[in-house]
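Student: Pasting the relevant annotations from TrEMBL:
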{"type": "DOMAIN", "residues": "39-288", "note": "domain 'G-protein coupled receptors family 1 profile'"}
{"type": "TRANSMEM", "residues": "24-47", "note": "transmembrane segment"}
{"type": "TRANSMEM", "residues": "59-80", "note": "transmembrane segment"}
{"type": "TRANSMEM", "residues": "100-118", "note": "transmembrane segment"}
{"type": "TRANSMEM", "residues": "138-162", "note": "transmembrane segment"}
{"type": "TRANSMEM", "residues": "195-224", "note": "transmembrane segment"}
{"type": "TRANSMEM", "residues": "236-259", "note": "transmembrane segment"}
{"type": "TRANSMEM", "residues": "271-290", "note": "transmembrane segment"}
Amino acid sequence: MGNHSTVTTFLLWGFSSFPELHNLLFVVILLSHVTILLANASIMVAIKLNHNLHTPMYFFLFALSFSETCTTMVILPRMLVDLLSESKAISLPECATQMFFFFGLAANNCFIMAAMSYDRYTAIHSPLHYHIFMTPKVCSQLVIASCVVGFLCSLSITFTIFNLSFCDSKTIQHFFCDISPLVHLACDYTAHHAMIIFMVSAFVLVGSFVLIMISYAFIVFLVVKMPSAQGRHKAFSTCSSHLTVVSMHYGFACFVYLIPKNSDSFREDMLMAVTYTVLTPLLNPIVYSLRNKDMQTALRKVLSSINKMLPCLAIKKPEHLRTTIEH
């Protein structure tokens, strides 16, 4: 990437300050990772197999679940390996790649949530013309645009950071290649670089959040004018899951990436990052499952289908073995 660094390998120090907790952290994070994968996979399978969920809202939820799954795959497997490994080394290209994909997918999540809020506004504002405005083509274009803009933002941050010279130290006080720990290792990090990183981060977080808030301001304006209390309740209930996820996502992300940091706050930032990279992706599918009756019904159907398949597999196995013995 054209950088003149004297460092070619970093050490992800991360949880090395807590050696006595490594085994416990490994078990907790492994269980969380498996649960995230299973929960998001269940949501994606339920949406794919249930034709009642082939609507724009669930199309965006499918895209968000897929993106969240990919985001955790960028961070958690490496974290698990480092917890059991003596060597915490990560090469400079690997570090840059991890940062690029993590921030690209994280930004993609932000813009998908903004698209979801626009979808909810359209559904409430123009229910009769909803499927005319939110066609499969429009939904696909919004998801593609979210991905492209997200990765362009990530590329600008990654390019800015890895064009710096890292010569003071090679120990990253974090469990992945995050912005703040890396820039504190650079020799030539200036206010100019800080401004670029802040502006791109603000564009992703504040920009997408403003779009979400504008959509919900219009939604509230429309809902309070509804004559029916039942209609108001139904309108708000369709938005409650999304609002809950938005609150968690932006609350943690803004604390980590928009508030100025110093080297003394790395431990607090790391603990907050654990919440952001583990807890939020874990809670997203739970929130959508618990607060959405259509999703609950679809998930029950998927589980019912799996339960019906298991006895069939159990019955077929002895027949296969019997045939083998006869031959």
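Cβ atoms here come from the backbone N, Cα and C positions, even for glycine.
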Student: If you count every Cβ pair below 8 Å, which range out of 24-47, 59-80, 138-162, 236-259, 271-290 shares the most with the transmembrane segment (100-118)?
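Tutor: Looking only at 24-47, 59-80, 138-162, 236-259, 271-290, the most contacts with the transmembrane segment (100-118) come from 138-162.
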Student: Sequence-remote contacts (6 or more beyond its ends) of the transmembrane segment (195-224), Cβ cut-off under 8 Å?
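Tutor: Distant Cβ neighbours of the transmembrane segment (195-224) are 106-107, 110-111, 113-114, 117-118, 120-121, 124-125, 150, 153, 156-157, 160-161, 179, 183, 232, 235-236, 239, 243, 246, 250, 253-254, 257-258.
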Student: With the transmembrane segment (59-80) as the reference, which stretch in 24-47, 138-162, 271-290 has the largest tally of C-beta pairs below 8 Å?
Tutor: 24-47
